[in-house]
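A.B. asks: Here it is, the structure in full.
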Amino acid sequence: MKESPLITLVKRHSETHFANIKYGYYVLIISLVYLIGLALLRAFGRRTPSRSSSAFKNKIIYRLYDIDPAIHLGILFFAVLIPFYYHYSLTTQSTVYLKRLGRLSYALIPLNLFLTLRPNWFLRKNCTYTDFIPFHKWFSRIITVIGLLHGIFFIIKWAIDDNVSLKQKLILKTFNFVGFIISILVLFLLICSIGPMRRYNYRLFYIVHNLVNVAFILLTPIHSRPGVKFPFLLLNCTLLFIHIINRIVFAKSLMILNKNANYSKTNLVHVRLPRAILPDYFEPGSHIRISPYRRINPLYWLLPSHPYTIASLAEDNSIDLIIKETSTAEPGSQIESLRSNPKSFHLDQEKTYTLINSYPPSVPEECYSQGTNIAIICGGSGISFALPLFRHFFNKENVKYLKMIWLIKNYSEYELVLDYLKTNGLTFEKKPSNNKRISVFISGEYTAETRLDEITTNIDDENSEYEMGSFNNEDEDLSISNFNSENADSNDKTPETSHSPTKENGSLIEVKSKHSFTLSNELKSFNNESAQVNQNETWLFSCGPPSLLQLSKKYCNDERINFVCETYGL
């Protein structure tokens, strides 16, 4: 009898080949749980510092509600990494964990893309996209580093293994070569994202950031084994498509109606846009994003747009912007510098721009409805955020105390805003009150309450560098420490005593030059009033350079006061 030949079947893959599939699904589930938890936190959480709780507990609660990257990323990665090391030996089956790093980086991308949607309908009621900018920056960096480590560790593993040809593994195998290309792109992105590089040429960083992200999303499924096409590639492509649709559907063309500028005195300018570009209602302190290119222009997609806070209220007849246009020139030659400086962006009446969309401020709804004791502190072009808030609360009958403090470098900035108020007929004459006032400080003497002499304006304002050169201005050199007599402009003819410069607003606006500025002194009445009202009725807003925000935030933490801020700086 003839014996049948023995057929030996050889496994195509080792027993660990599919070891990471379930882990990828686990990461996706954790991402979903995090989103649900985030929505619940913002809907029912408390950002108000309790007067009965310790300062440490209040700080943790505030950082948790404020989506502090250290807190939120710590929680997220603690959950993600719990089952990372499981079942397989790290010494004999290290390949499992090297592959797991790659799958982890790709499985986290859907969460990152989802949190940067604008608008984000799932979180729209209690969050704005600006809330996620610090989180997005650090989350993106971690995802990038994890993916890069995946590639580096494999190269090291093959290089030290005498039984493996590095060239054969890395170059001649198509799947691995694609991964090698991804690693090079990711490394280039990390180099461009280093602070000095990013600030030196933000446009380059932004272009590289977008192109590498798209390449990472599309090339990884070619490289990955086993595949990640479903559900990860499908989710990532869907979210990318939504990002693109948002930039098409909500965009509209606009023309500048008027521009009031005097570059020989100040870079602060007033720009007027048509009222029809925005919906009938928008919240005070909202901002818009403008691109100098049309939607059919590739540069519309490759280069960053520019955000501008709206200085108007919804009931106004036009949309007004009060902005600072970046310049490196000396006074008298500013306009030439603005036109030649590649880092600057300025709005011209003769050009057509694209309004990408309008976005609400990061201000809780209860602040608008319940706030009765309000203080607003701003520096430079931060007046564009502060002024509509002041007008909103000024018109409310139930507001018991309202004060706005504006810190500027020269009197010309005040003149421009005063002209804006006159042009729009905003005299605040209807409801005069001793408890409602605007104080303008012009580079006067400053008595430090905290060690702000150690705070420089070179602090990297990370919120403003995501997807834009942010609020184009030069307020970063408006440090609180500049409010002393040595820094006063010798050409400034502002009197040294307090005065009310206009008849229309004589009982409301006071200008102070060469005066010492201490926040506690300026807010004595505000602080006294806070002890007489419910905690959710007292709010302090701050907008300006980092040193001003730090001072305001510390004051609120010490006094257990609700704090809302918007950062202007580069």
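We number each residue from 1, going along the chain as drawn.
Keep in mind that glycine also has a Cβ here, set from the backbone N, Cα and C atoms.
According to Swiss-Prot, the transmembrane segment annotation covers 21-41, 70-90, 101-118, 142-162, 177-197, 204-224, 230-250, on the basis of sequence analysis. What Swiss-Prot records for 101-219 is domain 'Ferric oxidoreductase'. Per Swiss-Prot, the feature domain 'FAD-binding FR-type' maps to 250-388. Annotation source Swiss-Prot lists region 'Disordered' at 480-507.
Help me see these features in their spatial surroundings.
C.D. replies: Here the transmembrane segment (70-90) has Cβ contacts under 8 Å with residues 16, 19, 23, 26-27, 30, 33-34, 38, 60, 63-64, 96-97, 100, 104, 108, 135, 138-139, 142 of the same chain, all six or more residues outside its ends.
Only residues 6 or more beyond the boundaries of the transmembrane segment (101-118), in the same chain, are considered here, and those with a CB under 8 A from a CB of the stretch are 20, 23-24, 27-28, 31, 34-35, 80, 84, 129, 132, 135-136, 139-140, 143-144, 146-147, 149-151, 153, 179, 216-217, 220, 224, 228, 232, 235-236, 239-240, 242-243, 246, 357, 359.
Residues of the same chain lying 6 or more positions beyond the ends of the transmembrane segment (177-197) and with a Cβ under 8 Å from any Cβ of it are 102, 141, 144-145, 147-148, 151-152, 154, 170-171, 204-205, 208-209, 212, 215-216, 219-220, 222-223, 460.
Within its own chain, the transmembrane segment (204-224) is flanked in space by residues 102-103, 106, 109, 147, 175-176, 178-179, 181-182, 185-186, 188-189, 192-193, 197-198, 232-233, 236-237, 240, 301-304, 467-468, which lie at least six positions past its ends and keep a Cβ under 8 Å from the stretch.
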A.B. asks: What parts of the chain pack near the transmembrane segment (230-250), using Cβ distances under 8 Å and only residues at least 6 beyond its ends?
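C.D. replies: Hits for the transmembrane segment (230-250): 24, 28, 106-107, 109-110, 113-114, 116-119, 214, 217, 220-221, 295, 300-301, 356-357.
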A.B. asks: What residues in the same chain, six or more past the boundaries of the transmembrane segment (142-162), come closer than 8 Å to it by Cβ-Cβ distance?
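C.D. replies: Residues 73, 77, 94-95, 98-99, 101-102, 104-106, 108-109, 112, 169-170, 176, 179-180, 182-183, 186-187, 189-190, 216.
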